[in-house]
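These come from Swiss-Prot:
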- 5-239: domain 'ABC transporter' (DOMAIN)
- 37, 38, 39, 40, 41, 42, 43, 44: ATP binding site (BINDING)
């Protein structure tokens with residue numbers, strides 16, 4: 001199978017400051033990839049290099065087997081087949097929604113029957129058929145997002161590129177537009193690259209996630225693999241919350257840390273020192289011990305919240321704050337037992 005997108009050893013600097021450092025990844029046909037990372041990690045620059053708005057210093061980019069950038073090739077933007085929705089606004093404010101989508105076909109008119117059929121199909125696909133005669137200033141932010149996607153899909157691009165497409169929308173509208181946009185992409189069989197800083201969004205909608213830090217890709221994997229079998233401590237901390245401790249491995253598949261001796265998931269040899277990570281959802285709190293891994297603790301404070309209870313407690317010399325969706329009614333100062341569900345993750349050589 002020919003990759004929808006292939007990036008090989010791509011690098012880019014601005015004024016001798018590296019922004020992209022040896023980036024390599026690929027995207028299968030119909031696959032949705034989310035690139036996530038903190039602000040300034042290089043994810044938007046990577047997207048701009050893919051779109052042809054920035055020229056990389058080295059490396060190569062190919063689209064469905066066709067090289068669009070390499071040492072000897074640099075196709076102009078007009079000769080590539082990317083779709084890049086200008087999210088949040090229509091590109092031609094004096095044209096109707098229908099004409100804006102026709103603009104994506106190159107002439108802004110929809111002259112032929114085939115073009116008109118394509119425009120109608122994109123209006124229906126993105127749920128805006130009833131808006132065809134309106135102008136951009138008559139649309140809400142969410143409606144403009146749909147127009148932008150319909151216009152980008154109209155010329156049937158091989159790949160859609162989206163840079164923080166939902167950031168300007170309120171939470172409720174963002175959720176609806178996001179689900180509709182993902183559904184439209186999948187219904188149209190399009191590969192897509194999303195740039196986002198929203199880890200929950202990526203975990204829910206991506207086929208694969210690439211985590212970036214300081215111009216490098218730390219790991220590219222499915223959401224499940226990235227969350228459950230992370231290859232890098234920085235990646236796992238960005239993709240989800242975690243409680244970390246310095247630790248040392250034992251020969252029996254456990255590690256010693258400030259919470260005591262805990263089971264771990266690691267293939268490193270005994271004596272290896274590193275960092276132990278426990279996901280918050282692995283903890284549950286009970287008044288009594290049980291035949292599982294138990295950590296004795298003292299409840300310092302409980303604070304009921306809307307969807308969970310915030311509990312501060314002391315285990316030995318360590319103070320933990322946990323947000324538990326369901327927790328027994330416990331008075332401050334009472335002794336309780338933390339249960340650990342499953343092994344902790346261990347990262348050799350990562351010391352705090």
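Any Cβ shown, glycine's included, is placed from N, Cα and C.
Recorded features from Swiss-Prot, shown on the structure.
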| residue | record | Cβ within 10 Å |
| --- | --- | --- |
| 37 | ATP binding site | 26 |
| 38 | ATP binding site | 13 |
| 39 | ATP binding site | 7 |
| 40 | ATP binding site | 12 |
| 41 | ATP binding site | 23 |
| 42 | ATP binding site | 22 |
| 43 | ATP binding site | 27 |
| 44 | ATP binding site | 17 |
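Taken together, the residues in the domain 'ABC transporter' (5-239) have a mean pLDDT of 87 on the 0 to 100 scale. Taking the mean position of the Cβ atoms of 37, 38, 39, 40, 41, 42, 43, 44 as the ATP site, the remaining residues of that chain whose Cβ falls within 8 Å of it are 197, 212.
For the recorded site, residue 43 (ATP binding site), the DSSP three-state label reads helix.
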